[in-house]
Amino acid sequence: MSQLDWAVLIGTIAFIVLYGVWKTRKTRNMSGYLKADNTERWWMMGLAIMATQASAITFLSTPGQAFEDGMRFIQFYFGLPLAMVVLSATAIPIYYRLKVYTAYEYLESRFDLKTRSLAAMLFLLQRGLSTGITIYAPAIILSAILGWNLTGTILFIGVVVIFYTVVGGAKAVSQTQRLQMAVMLGGMLVAAVVVVRLLPEQVSFPDAMVVAGKLGKLNLVDLSFNPNDRYNLWSGLIGGFFLALSYFGTDQSQVGRYLGGETIAQSRLGLLMNGLVKVPMQFLILMVGVLVFVFYQFHQPPLYFNQQQAAKVMASEAAPAWRQLEQESTTAFEQKRAAALAMIQGYKAGDDAAVETAAQQAQQAEVVRKEARLQAQELVKSQNNGVNLKDTDYVFLTFVTQQLPTGLVGLLLAVVLCAAMGSTASAFNSLASTTVVDVYKRSLRPNASDNHYVQASRWFTVGWGAVSILFALFAQQLENLIQAVNILGSLFYGTILGVFIAAFYFKTLKGNAVFWAAVLTQAIIFLLYYFTPIAYLWYNLIGCALVVGLGYLLQPLLPPNNTSAALTD
Amino acid sequence: MTKGDIDPPPFFKKWSSMYWLVLAVLAVLIVVFYLITVSYR
């Protein structure tokens, strides 16, 4: 990396962190620390909500996913705008009326303490585990491609985020996230423009779209219904809706962002802004991945994008086999490049038959290249059993570091680090606020001063930060653990959402029944995961339906206890 | 606190124009994406 890139990277990160700390240095009370004193405008919350969801892996994995699998991942986000509308209409007014600090406080008003504690604990477990990965995932990729020290990268991200989150709480998270989001969106827009400019002279943007389309990368909408397929219109609209409903409605890392609004109207607008902007933003990121794919139709890509692992194979006895695969891949690349150029010529001449013939040749060459890549993965596995074989996470950053001009490399790396910091900061802040409000203040020290709780929040932020960093450092040893934790996290959402849906819409359900229904549902979801091939997006819908259904089944069998029954009408 | 505090408000009572805008934009995007999918297949 050049000095200019380092200057851009360090300058951007340092400016954002110092700005956030300076603007929020006077935060003293609990409302300011955990809810930003209810001073947030809609666009600030909209940006904070998007920055919380956009982790570094969004900017590393998503272009790689488009590179390998096309743009069908976009369908995953189709349910999100629907969820934003439902939450704006239902959840936000309730949270505001009750003046809660966390989503789980509401559950005690509606059901009882144990249901509130169960939901808070499931959140702490799920978010506490996954935050370590939010730090680890980009650190491993940055260290592999740029040669950065892995432990140093993990410590840098973790410690910087702990620093500004401890100083300014939710206010600092929000102040920094709006700048981070500006860097992320600006960086990706610049990347999209630069990739098009890096294409060969005779290849325009429409030509690039023809090549991408014929090679199956513009597969944005799939109307077929298959519950075992992750990405089609229906799993996106239905499964994605329930996932977004649980993530934005019941996950404190998101709820905490919009509880700080000036008014209900501002919070609603913040969520609706997310609903309007998210799908186009993901489209942009996926489009960058597709353009990188087209770029590599005219410039030879590496056989395997994780160069660190490739180097290990080359240093082993498997090197001759690897070179053979590289040769096969090169031949396939040359055939594909010729076919892609023929496709473009046919397209410009309006010759559909020539386009189709060239497309078939390109597709055949693509099959050969994919086969060579699969065999390359086997060789990597033979040298390092347990390593994550998927190299698509490395595609975008490899392209950035090898092809982009000086200065832009620093900007794009700033995008990745900003994304890592924004999502990690929200996680630390929400873990601390849930621990203080739902556990410490509620059950351990109920009558301490406001200042005491602010100090406790600071210490819990440090504590959760330390746990996440330790987990990220530990994850180096156990690559498979990461997958397990990622899956584990997605298995909890349906249950938590079910508890909230029961609270919002099923007024006759009582606390005892919902609590035990939630416990049973969680067990059933684990069984479904181990014994059925159902795609994980559907667990949200299934978990939700199970909590409500089992709640009604169990209610006659359990003694009623409902604190809301004591409330006046 | 009254029982009304923990009940959700009537759906779409206010704000419906903003909600419809979000849904309309989503519908337009899905149609555009579908057209891209079929025309570049």
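Backbone N, Cα and C atoms are what each Cβ position is placed from, and that goes for glycine too.
All TrEMBL annotations are machine predictions without curation.
Here TrEMBL flags A:6-22, A:42-62, A:74-96, A:145-167, A:179-199, A:231-250, A:271-296, A:408-432, A:453-475, A:481-506, A:513-531, A:537-554 as transmembrane segment.
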Annotated stretches the transmembrane segment (A:537-554) and the transmembrane segment (A:231-250) touching (3 or more Cβ pairs under 8 Å): yes
Contact ranking winner - A:6-22, A:42-62, A:231-250 against the transmembrane segment (A:179-199), Cβ under 8 Å: A:42-62
Interface-richest range of A:6-22, A:145-167, A:231-250, A:453-475 toward the transmembrane segment (A:408-432), CB pairs under 8 Å: A:6-22
For the transmembrane segment (A:6-22), distant same-chain residues with Cβ under 8 A (at least six beyond the ends): 160, 163-164, 167-168, 172-173, 175-176, 179-180, 183, 407, 410-411, 413-414, 417-418, 421
Leading contact stretch, A:74-96, A:231-250, A:271-296, A:453-475 vs the transmembrane segment (A:145-167) - CB distance under 8 Å: A:453-475
Contacting positions for the transmembrane segment (A:231-250) when only residues 6+ beyond its ends and CB under 8 Å are counted: 49, 53, 72-80, 82-84, 86-87, 91, 103, 119, 123, 221-225, 271, 274, 490, 493-494, 496-497, 499-500, 535, 537-538, 540-541, 544
